[in-house]
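Here is the structure we will look at, set down as structure tokens.
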């Protein structure tokens, strides 16, 4: 089978990690990268050295010329074009474009990539109007005539598989989610102006910062049975990667915490293997750096007040796990005819 050829627009945290995932895949080929704000030699440096995920240890990466990177013998074309309509994806053979700038997140803006020859666009962020897919939850609803999709958020990718298992087995009446979330690039290193989110303007490495998140409500978009039943909030904390979801739900069907554990373990070894994980060891956040699963249930961390009211906890590498799902979604799209 021919390799799936992808391009990446925006070489930030997710763009670079999607590139790492793709370059370690046998069935996916990275053919082009666009970023108007980074020179080719700086792109090489940023890709090669990563504070969280370590130095790139696979094929050697070097600059062939200002428009070409070499990953071993593999050539990747580099563009520096601001207007997505003008990026010639078609010339490179890139059929699937990962839109990871964080700027072009609605359908109209993301559709600009189609004018340059891309066949499909995958937005690596929630979208107000593009259909959202969470691998392991609703990717089976994707139809080949859909050209622009959203991979939702890292938190929705963690929460949705967990909520699906609990709802399928026991029924969720209603629930609240809190994500204790690592720092991201939009936060401030020291106190600075942030007129739309005053707390968000405070120093990221020195504060626990309450924040909003649409991740729980977005679960209702990928699992319509839970629409209106979940909402949530976030605490941004001074860690650089790995976050954790705390989901507290009221159950329709009475269940002991032990029964919930068994149900999640079964699914983690069955249909959701590779997406949903299960751990009973006494682990902490850094133990999950580089974990490619979307959601890792922590059996020891959850608690139950009674058989209808329970708190479950799941970890996720909000960078690597999410980037792995972007590539998985592309694989699913490519084999859906």
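From the backbone N, Cα and C atoms, a Cβ is placed for every residue, glycine too.
TrEMBL lists 13, 14, 82, 124, 318 as binding NAD(+), and of 35, 145, 147 the one it places in that same site is 35. Among the candidates 199, 236, 250, the residue that TrEMBL annotates alongside 153, 154, 155, 184, 213, 214 as binding D-glyceraldehyde 3-phosphate is 236.
Listed in sequence order, the residues 179, 181, 215, 234, 243, 318 complete the 8 Å Cβ shell around the D-glyceraldehyde 3-phosphate site centroid, once 153, 154, 155, 184, 213, 214, 236 themselves are left out. Listed in sequence order, 243, 316, 318, 319, 321, 322 are the same-chain residues at least 6 apart in sequence whose CB falls under 8 Å from the CB of residue 154 (active site, nucleophile). Secondary structure from DSSP puts residue 236 (D-glyceraldehyde 3-phosphate binding site) in a beta strand. Cα of residue 181 (site 'Activates thiol group during catalysis') to Cα of residue 236 (D-glyceraldehyde 3-phosphate binding site): a distance of 5 Å.
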